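According to Swiss-Prot:
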- 1-74: region 'Domain I, interacts with DnaA modulators' (REGION)
- 74-108: region 'Domain II' (REGION)
- 88-107: region 'Disordered' (REGION)
- 95-105: compositional bias 'Basic and acidic residues' (COMPBIAS)
- 109-325: region 'Domain III, AAA+ region' (REGION)
- GLY153, GLY155, LYS156, THR157: ATP binding site (BINDING)
- 326-446: region 'Domain IV, binds dsDNA' (REGION)
Amino acid sequence: MPNYIDLWNNIKNSFEKDDSMSKASFGAWVETAEPISLENHIMKIKVLSSLHRDYWTKHLIEKFVEYAYQFTDQDITPEFVTEDEFKTQQAERSATSKKETKASTEDTQLNSRYTFDTFVIGSGNQMAHAAAMAVSDEPGVLYNPLFFYGGVGLGKTHLMHAIGHQLLENDPKTRVKYVTSEAFTNDFINSIQKNKTEEFHEKYRNVDLLLVDDVQFFADKEATQEEFFHTFEALYNAQKQIVLTSDRLPNEIPKLQERLVSRFKWGLSIDITPPNLETRIAILREKAQADNVEIPDETLEYIANRIDSNIRELEGAMARIQAYAKLQNAAITTDLASDALRSLNFGSNLSHITIPMIQDKVAKYFHVTVADLKGKKRMKSIVIPRQIAMYLSRELTESSLPKIGTEFGGKDHTTVIHSFDKIKAELEKDEELARQVGDLKSELKP
């Protein structure tokens, strides 16, 4: 059987060739009609008014059935709907679809602000964004699991939610579940205490998309890891999409079961690095437009230069500046932004950062000791962390070069300068190093 449009065109041509139908009648009744669908041998046809429907019913149905049979060898029955009725049906369907989507979104705990439309793409997240889009188009096929890793406030959660929203937009019936690793753990514990493990399994294994945030917190939780392993297996074997986030690669998560590490690496792991200056400016501009606030480009650049750690701090700074402008009843300028960040103590947490704090964070991050950082060992696994610690000490504290050298076991100030310059230069071309430094800055400037 031809598709309904081809069939309609053939039927319409037959009416046009019918000697018993005048051109005026053809133009008034047939030409103005429009096919909508063909299901179960019923062709739904849209007509201009109830008058047109009555005319078709009284004068044209028999010939329609005859012409349709000529082309299909089947009995096709027309069903007419007026223009107004069609619009009403469309509006009702649209409202129902939106209602279903809203209900689905509420059930999934997705944040309505975190969509692909509101995500600002930059060099540090370009690949992650592309992978997220690909997974949205073909869930469970290309990259499963999809594993985002990087420091806090860089957009991992945003992309995760965007995937969920996109799948629901594609099909409102998609079963999406977003959960933090902590919430998953709590649900699991509660299910055991209340003897509701079957309900727990139904909740997490009967979905099309599972989004789990901050899986590094599964570390040290043996029973939870065991449960998540079986949840992962059930979804993966059913070709359901899994998306995970962490602050580090799977194999860098301490005390994570080897079989989970292995499965987390089955798909695609992508790091998200701190945004560069251009991306930070774009993020601020996007937020200003969303908030309908006018901010000069030079002011946006000033803010972007002040905050270089993560998106969360950028948005926090923007919120502070807008609030300050309202209090002052003044337009936002660079001077006002400077006053706002100073008067609201933005960035004052830097004054609390000390060299010992930096040494402690760096040592834990790279799994070395503070003594190693202060010592003279020349292994690469120690030299790089030592140079990063010196770089951060100069970047995040007001300490003099000699003071920094003293804190690192009596190093000469030229050694500190060399370390700072080396790391600064490498940051421009080494994405992994940029991610590591960004992670440490985020931890030091919560």
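Placement of Cβ uses the backbone N, Cα and C atoms for every residue, glycine included.
The model shown is predicted, which means the values in this text are computed figures rather than measured ones.
What Swiss-Prot annotates, mapped onto the structure for a quick look.
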| residue | record | Cβ neighbours (10 Å) |
| --- | --- | --- |
| GLY153 | ATP binding site | 20 |
| GLY155 | ATP binding site | 27 |
| LYS156 | ATP binding site | 26 |
| THR157 | ATP binding site | 19 |
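According to its DSSP assignment, GLY155 (ATP binding site) is coil. Surrounding the centroid of the Cβ atoms of GLY153, GLY155, LYS156, THR157, where the record places ATP, the chain contributes additional residues within 8 Å, namely PHE148, GLY150, VAL152, LEU154, HIS158, LEU159, THR245, ILE272, ASN310, ILE311, ARG312.
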